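Have a look at the structure below, then the notes.
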Amino acid sequence: MRGADRIDTQEKQLLNHTADKEQRPLPGRSNHAGNQSQPDKKLQEAICVLLVELCERFTFFGIVCNMILFCTVKLGYRNYQAAIVNMCFVGTSMLTPVLVGWLAECLVGRIKLVCICMFLHFLGTALLPVVAFPFEDIYIDRRHILHTLTKREQKIVFYFALLTASLGIGGIRAIVCPLSAYNLEDCGPKELLSFFNWFYWLINLNSAVVFVSISYIQQSVARNLGFLIPFVSVLMAMITIHMVRGEMIYKPKTDSSLLTTFGVIASALKMCYVRYRYFSGGVTNWLDHAKENYGGQYSETQVESTKSLARLFPLFAFQILYRTCIMQIPSGYYLQTMNSNLNFSGFVLPVAAMNVISIVPLLILVPILECINSYLFSSKDTGHSPTIYIVVGQLSAALSVMVAGFSEIHRKHFPQVEQTLSEEVLLVSSMPCFHLAPQYILLGVAEALVTPSCSLLSFRLVPERIRGISMHFLTLFNGAGCFMGAFFVQTTHAGTQGNWFPHLLHEGKLERFFFFLASLMMVNTLGFWTIAHRYNNLNQEYTNELRGNLPEEKLLKHEKAIKHYDSVLE
């Protein structure tokens, strides 16, 4: 009995030490707010992180909203080139948080790296007005112009500004505003889905303000000073970070990383090859080859976590083509709107203002979805998976692209008129731009259904220790969808000699590109529908299989077993 008591005492000390270690203040966070209660402190941190997130998205959407118009009118790009630049910038801004997160974890300190990223963001948004500023309109006297940037110099500065801005965006999203900073570890499926719904609702509300205000300023009132607004917005973000820098910089747990996940996969592939070549026999899962028990280099917990993440790879893969369809809003749909009649009762609407039509369904659907989720996520059915939302959302995206093809055919039946955009006279269709509203609405419905649901599955259906990595992989595949859209534009333009993605829309067949993309998206939707059942009960499977593999929970189970053994002896 004394031996059992001694083991019981030692394990309690180990568990208490682990709990104290987890509750210890993280480096980089100040402890001066001792008089402030813990809930108030967490609320203040969440509000500050959300403000920085909104400021960063404000700058991002301010750069993206009229980039195609700027590239075609100011830099002289053709339509397909401007669309490729826009999609590549969005894709790069999605991939850089993963890169910066890895740098912060392995090579550079978080505080130092966030300062570097804020400087890069400041530099990028400050250089964009240099490209847009009308040097040719400023004279020293009647003979000499102040200074004029050549087209080549403008393009060099423009690309450098986009690169530095995207790197800065990655640092802010990965270090200052990760999802881990919102303390979602103890939330259930219903609370998580509610959080993601309202989180993306706020982001889209912010983007609606940007698309209406900044796009109008850039296009009509002061088009050459419009890029100064992202510059002012990033100053707001820097001031916010400076005010609460002791509470803002979140330091996540370092017990798992992207390198560990890739290492497990590489080790499993290596051992699979060795065993196939020289040995016989197998294991239940090919990733088990990476375990130390089978000759690998990784622990059972690391391999089991990677196995749970690998189950989500099909979900991530089916998001690539969906993200390509979503990227038609700032590319193909934008070109359609730019070549339609924007006059509304004598007022010329900003081109990017049509994006608000795709945001309105999301703003309306979120409260409705909250009521539906309250019914679906009952106390007796906590394992419900919203895969049906993803299927319906992807189907809505496919229908949107198909409607865009028919709208393009319809647009060509109207006579052409002259329209002035950014002081440039363009020959466009006389069809009112509001005829394009159905395709925007369908994509808005798709975003309201798909994005929060995918975030919920990616965050919930993996162990807590790798939830950040799971969200990184979702971001990687979304970024791949942006580059996939740029690849489709380039290949279709080259393969059809500019006929499927023309510079002058009335002389080409842009509708064929939309029909081609819609057919691919229909196949993608059917493919995901066939595997959607894999994620219906995955939450229960994770609860039963993976939680028992964590060392702390093994100790708790062992402690309970010892107590039960003591009671039996008594």
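Quick reminder: no glycine exception, Cβ is built from N, Cα and C everywhere.
Here TrEMBL flags 18-38 as region 'Disordered'.
Annotated transmembrane segment per TrEMBL: 84-104 (among others), in sequence order. Sequence-distant contacts of the transmembrane segment (84-104) (same chain, six or more residues past either end, CB-CB distance under 8 Å): 60, 63-64, 67-68, 71, 77, 110, 113-114, 117, 162-163, 165-167, 169-171, 173-175, 178, 257-259, 327, 330-331, 468, 472, 475-476, 478-483, 485-486, 489-490.
Residues or ranges marked as transmembrane segment in TrEMBL: 110-135 (among others).
For the transmembrane segment (156-176), same-chain residues at least 6 beyond its ends with a Cβ under 8 Å from one of its own Cβ atoms are 49, 52-53, 56, 59-60, 63, 75, 85, 89, 92-93, 95-101, 104, 110, 113-114, 116-125, 127-128, 130-131, 149, 230, 234, 237, 241, 248-250. Look at TrEMBL and you will find 156-176 (among others) tagged as transmembrane segment.
Feature annotation from TrEMBL assigns transmembrane segment to 198-217 (among others). Sequence-distant contacts of the transmembrane segment (198-217) (same chain, at least 6 residues past either end, Cβ-Cβ under 8 Å): 50, 53-54, 57-58, 61-62, 65-66, 223, 225-226, 229, 350-353, 355-356, 359-360, 362-363, 366, 447, 451-452.
Annotation comment: TrEMBL describes 224-244 (among others) as transmembrane segment.
According to TrEMBL, the feature transmembrane segment maps to 256-273 (among others).
What TrEMBL lists as transmembrane segment is 347-366 (among others). Residues of the same chain lying 6 or more positions beyond the ends of the transmembrane segment (347-366) and with a Cβ under 8 Å from any Cβ of it are 65-66, 69, 197-198, 200-201, 204-205, 207-208, 211-212, 215-216, 218-220, 329-330, 333-334, 337-338, 419-421, 433, 436-437, 440-441, 443-445, 447-449.
According to TrEMBL, the feature transmembrane segment maps to 387-406 (among others). Below 8 angstroms of C-beta separation, residues 318, 322, 325-326, 328, 332-333, 336, 436, 438-440, 442-443, 445-450, 452-454, 457, 511-512, 514-515, 517-518, 521-522, 524-525, 528-529, 532-533, 535-536 of the same chain, each at least six residues beyond the ends of the transmembrane segment (387-406), sit close to that stretch.
Under the heading transmembrane segment, TrEMBL lists 473-493 (among others). Residues 80, 83-84, 87-88, 90-92, 94-95, 97-98, 309, 312-313, 316-317, 319-324, 326-328, 331, 454-455, 458, 500-501, 513, 516-517 of the same chain sit 6 or more residues outside the transmembrane segment (473-493) yet have a Cβ under 8 Å from a Cβ within it.
For 513-532 (among others), the entry in TrEMBL reads transmembrane segment.
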